[in-house]
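Engineer: Sharing a structure here in C-alpha cells format.
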Amino acid sequence: MENFLNESFDLKPKHSSEEALERWRKVCGFVKNPKRRFRFTANLSKRHEAAAMRRSNQEKLRIAVLVSKAAFQFLSGVQTSESDYVVPEEVKAAGFQLCADELGSIVEGHDVKKLNIHGGVDCIAEKLSTSTTSGLTSDTGLLNTRQQVYGINKFAEAEAKGFLVFVWEALQDMTLMILGVCAFVSLIVGIAMEGWPKGAHDGLGIVASILLVVFVTATSDYRQSLQFRDLDKEKKKITVQVTRNACRQKMSIYDLLPGDIVHLNIGDQVPADGLFVSGFSVLIDESSLTGESEPVMVNADNPFMLSGTKLQDGSCKMMVTSVGMRTQWGKLMATLSEGGDDETPLQVKLNGVATIIGKVGLFFAVITFAVLMQGLFMNKLQEGTIWSWSGDEALKMLEFFAVAVTIVVVAVPEGLPLAVTLSLAFAMKKMMNDKALVRHLAACETMGSATSICSDKTGTLTTNHMTVVKSCICLGVREEGSNNKASLYSEIPESAMKLLLQSIFTNTGGEIVINKDGKREILGTPTETALLEFGLSLGGDSQAERLASKLVKVEPFNSTKKRMGVVLELPEGGLRAHTKGASEIVLAGCDKVINSNGEVVPLDEESINHLNATINQFANEALRTLCLAYMELENGFSPDNAIPLSGYTCIGIVGIKDPVRPGVKESVAICRSAGITVRMVTGDNINTAKAIARECGILTDDGIAIEGPIFREKSQEEMLTLIPKIQVMARSSPMDKHTLVRQLRSTFDEVVAVTGDGTNDAPALHEADIGLAMGIAGTEVAKESADVIILDDNFSTIVTVAKWGRSVYINIQKFVQFQLTVNIVALIVNFSSACLTGSAPLTAVQLLWVNMIMDTLGALALATEPPTDELMKRSPVGKKGNFISNVMWRNILGQSFYQFMVIWYLQVKGKAMFTLEGPDSDLTLNTLIFNSFVFCQVFNEISSRNMEEINVFKGILDNYVFVAVLGCTAVFQVIIIEFLGTFASTIPLTGSQWFVSVFIGFLGMPIAAALKTIPV
C-alpha cells in the first residue's frame, strides 16, 4: 500500500507541480461524492485563469511602458495641450475633478501624457481634494462621499455558502442516491404488498437514515467552513501607515480611499494603485502581478505604483488613486481566491487510502450481492419456481442490492481525507488563539514532522524592546541611564554632539510624529526607536535637525549590506555622508575618529584596538552594537552614485540591550527533548549571538558558533561535518541562511522550519519546509513567503505550532486506525455471512448508522483531540516515516480479528448461547450482533485515543467533543434498539442481552491494551 501511495499520491508540502496535482485526481476514479471529497482542494481551472490574467497583465504593462517612454520623449519637445477630458456631473457634484476611470487609466496605463495634461502629481492631489503633506480629512461624511464615487479597497469574493448548500452537497453522494432509489422502490412494493403503514417501514427506515447521515455530515462541513472563513479574515488583516488630518496613523488597507497618503518601506506591499509623491531608492518588484522578475525603479519621472507589487528597496510616500476591483490586482485576487489552497500531503495520501479500500469494498459488494442472489436463485431452482416471482422475493432482491450498496457506503472511507481537513481546521482555529496564523494548510502537518528550527535572534528569542544602555562616544565608554544623560551631554564636546545628533536624526529609517491623540510617537524598527530615544534624551530636536539640511540620497538598511547611509546638503554649503550599521563593518570603513577633545584625528592602531575591545566587551554582555560615522564629501556627489563605503570618521559606538524573552530557555529545552535541533541564525556580532545563545540554552559545549562569511567559504565536504554541529550562525546574510536550509533539507534529509522577518529572508522562507514569518516585525514580503505567521514574534509560539502539528498528525493516525478497523470488520462480517448463511446480519439502515459512527462522528471525536505535553517527548517523524505505521497495523489487525471472531461466534452459537427460540429468534440474534458490533466500535474509539500507551483515559474529560460524541452514540444506540425496531430491523433486548453486548464491546479494551505490549 505504501509503495502505491508513494507512487501516485505523493505530494510535496509546498510548491507542488501542476502535474502532481493532476496525477492523483486521475487515479481517484471511484469517488462517491466528488463535491464533498474535492471541496478543500485546489481549483486548477481557476488557477489557469489567473495565470492567463498574469500573462495579459505582463503584455499590457510592457506596452504601457513602451508607450509612456515614447510619450515622455514626445512631450519633452512639444508643449502639452489641454485635455478634452470632461468631468462627469456626479463627480463634480461630489467635489472632485477626476473620475475613477480617468485615474485608473493614468496609473494602470503608465500614461505620462495624461499625467502631464492633468498637471502632475500635485495637481491630481488638488483635483482629488487631498494634500500630499496632510492627507485626507477624517470627516466621516466626506469619506463616505469619496467611497461612493471611487469604491472601496476590497476585491469581489465568492459568496459564502449557506447551510442548505452543504446539505445539497452531502446529498450528491452516489451511494446515498442509489439507496434513496432503493428506499423509494421498497416503499412502493411494500405498500402494494402489505399496505400502509406496515409495508412502508423498511423504505422509511432507509430514508430516515439517509437524512440523518446527510444532516450530520452537512452540520460538520458547515462548521468547518465557518472556521476557515474566520481564518481567511485573519489572513487578510494588513495595516499600513497613512497620513490623515496631518497625523500619521496605522490603518487597515481595506479602509484606504483615493487621495490617501500612504508611507511605504522596504518589504511592504503596495496596497492600492497610486502615484509616487516623494522617497528614495524605490525599487518595485512587480512579479506577483506580471510575472516579470526584473525590479522597476520608481521616482518622480516614473511615478506609477501598482497594487499588489512590493517594495524591494527604498522608502516613499504614495498617493492612492484606484482601489479594489478597479485595480488589476483586485481582479487577479478575485480569480486567485477561487483557485483555493493546494491540498495537503496527508489529504492526498488519505485520498489514496480511500481509493484502494473503495476498490476492495466495491469488489466485496459485488461478490456479496452475487452470492446472495445465487442463494435465492438456487432456492427457486430447487422449488421449481424459477419463472414465478412474488412481491416478497422482489423485496428480498431489493434488500440484497441495498446491503451491497451499503457495504460500499461503509467500505469506501470518504471520511478519511475530510478528517484531515476537520483536524486541520480545528488545529488552525486553536493555533490562532495561541498567536499563530496558519496561511497554508499543509504547514500544520509538516510542522509536526519538523526536525530542525532555524530561528532569528532579534524579536524571536529576544523581546524586541531595545534601549541604548552603553556608548563609546569620542573614545570614552559610558553607561547610559536616566541619571547621567546630562553629564554625558556636558562631557561630549559641542562639535561632536552636533554630529552625533545629526547622525541619529537624519540617518534613520524611523520617524518621530504626532499621533491623532496629540502625543509624540516614535515609528520604526526597535533599533531605530532605541537610537531616536537616545537622541531625544540627549536634548536633540528631531524636526529641527531634519529641516536644517536637505536629504540628497538615502540608502535604507538591508541585511546584505548591514548598514544604512544618507547624504545631506548642509545649510552652510557642502555635502556630508552619514552611515551606521554593524560595528565591525562600519569601523572597517573608517580611517579617522573624533577624540575626547572633539578633534578629528587619524585612526591609529591603539584607537582601533580600543574600539574593537569596546565592541567585544559590549557584545559579550549580549548587547547589540552599532557604529555611527560620517564623512565630508569635498569632491561633490551625484545622487545616481552609491554612497561611499570607506573614508569615514568614527563618531562612536552604541550598545543596545534587547533582553531574552521569558520562557525561551524552557521552550528550547522542550525542543531538544522532542528531538528538534534549534539553531540561531542572526546578522548580529558573533559575541553578542553567542552570549544570547548561551542564555537561551541553544549553544552547548559541543556546539559550534560560526560567522556567515566563514561558512560560505566552506567546501561541500567540510559542510558535511560542520553543519550538524552548527548551533549559531552570526553575521549571516540571507543567502547564508538559504544555503544552510537547503543543505539541511537536501543533504541531511531534515524537515526544516525557518523564521524570518525581512524582505531578504523570503528565499529562505520559500526554501524551508515551514516558513515562519514574524507578525509584528515582519515585512509583507516575508509574510507572503511564509506558511505560518507568528503573531507575537515569540519563539515559544513556534514550539506551540510544533506541538499542534504533531497533534494533527497523530489525531489523523488515530482516526485512520479506528476507521480501517470498522471497514475491515464490516466488510468481512457481511461478506462471510452472505457467503456462508445466505443472509447479511447487518441491514442497510444499521450499516448507515455504523458508517456515521465511524465517519463523521469518529472524525469529530478523534481528529479534534487537543495536544498533550507527552507529544513533545517523542522523536519527530521526519521525512522517512510511513503514515500507516507498523504500530497501527498491529492494532488494526488485532482488534479486527477479535471483533470478527466474536461476531462470527455470535452468528454461529448465538441462539444456543442465549437460548433463542420462536419466530423472532433470527431478529433477536441479528439485533444482538448489531448491538455488540456498535459497542465494539464505541470502546475501540476509546482505545484509539492512544496508539501506544495502555492508559487511554488520561485527559479524556478535557475533550468535551469526544465525551459528547461517545455519549450521543450510546444514547442513540439505545433508542434504535428499544424504540426504532420497525425502521432499523431490531427488537428490544433483555437486561442480560444488553449486558453481554456491552461487555463484548468492553472486552475489546483489555485486548487492545494487550496488543500494545507486542513490540513491532
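Placement of Cβ uses the backbone N, Cα and C atoms for every residue, glycine included.
Since this is a predicted model, take the numbers as computed values, not measurements.
According to TrEMBL:
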- 5-49: domain 'Calcium-transporting P-type ATPase N-terminal autoinhibitory' (DOMAIN)
- 118-186: domain 'Cation-transporting P-type ATPase N-terminal' (DOMAIN)
- 174-193: transmembrane segment (TRANSMEM)
- 199-219: transmembrane segment (TRANSMEM)
- 237-335: domain 'P-type ATPase A' (DOMAIN)
- 356-377: transmembrane segment (TRANSMEM)
- 397-427: transmembrane segment (TRANSMEM)
- 820-842: transmembrane segment (TRANSMEM)
- 840-1013: domain 'Cation-transporting P-type ATPase C-terminal' (DOMAIN)
- 887-907: transmembrane segment (TRANSMEM)
- 960-980: transmembrane segment (TRANSMEM)
- 992-1011: transmembrane segment (TRANSMEM)
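Each of the listed features needs to be described in terms of its position in the shown structure.
Structural biologist: Within the chain, the transmembrane segment (174-193) has long-range Cβ neighbours (under 8 A, six or more residues past its boundaries) at 32-33, 199-204, 206-207, 210, 213-214, 391-392, 394-395, 398-399, 401-402, 405-406, 408-409, 412, 844, 848.
Long-range neighbours of the transmembrane segment (397-427) within the same chain, counting only residues 6 or more positions beyond its ends whose Cβ lies under 8 Å from a Cβ of the stretch, are 30-33, 36-37, 39-40, 173, 175-176, 178-179, 182-183, 185-186, 189, 202, 206, 220-221, 224, 227-228, 344, 346-348, 350-351, 353-354, 357-358, 360-362, 364-366, 368-369, 372-373, 376, 438, 441, 444-445, 804-805, 807-808, 811-812, 815-816, 819-820, 822-823, 826-827, 830-831, 834, 840, 842-844, 847-848, 850-851, 854-856, 858-860, 862-864.
For the transmembrane segment (820-842), the list of distant contacts is 357, 360-361, 364, 367-368, 371-372, 375-376, 400, 403, 407, 410-411, 413, 850, 853-854, 858, 891-892, 895-896, 899-900, 903-904, 907, 925-926, 929-930, 933, 936-937, 940: same-chain residues at least six beyond its ends, Cβ to Cβ under 8 Å.
Within the chain carrying the transmembrane segment (887-907), a Cβ under 8 angstroms from the stretch's Cβ atoms is held by residues 813, 816-817, 820-821, 824-825, 828-829, 832-833, 837, 841, 913, 925, 928-929, 932-933, 936, 940, 943-944, 947-948, 1000, 1003-1004, 1007-1008, 1011-1012, 1014, 1016, all 6 or more beyond its ends.
With a threshold of 8 Å between CB atoms, the same-chain residues lying at least 6 positions outside the transmembrane segment (960-980) that come near it are 205, 849, 853, 857-858, 860-862, 864-865, 927, 930-931, 934-935, 938, 941-942, 945, 986-989.
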Engineer: Could you give the residue numbers and ranges of same-chain residues that sit at least 6 residues beyond the transmembrane segment (199-219) on either side and whose C-beta is under 8 angstroms from one of its C-beta atoms?
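Structural biologist: Same-chain contacts beyond the ends: 36, 163, 166-167, 169-171, 176, 179-180, 182-187, 189-193, 395, 399, 402, 844-845, 848-849, 851-852, 855-857, 980, 982-985.
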Engineer: Looking only at the domain 'Cation-transporting P-type ATPase N-terminal' (118-186), what are its DSSP counts of helix, strand and coil residues?
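Structural biologist: When I sort the residues of the domain 'Cation-transporting P-type ATPase N-terminal' (118-186) into the three classes, I find 40 helix, 1 strand, 28 coil.
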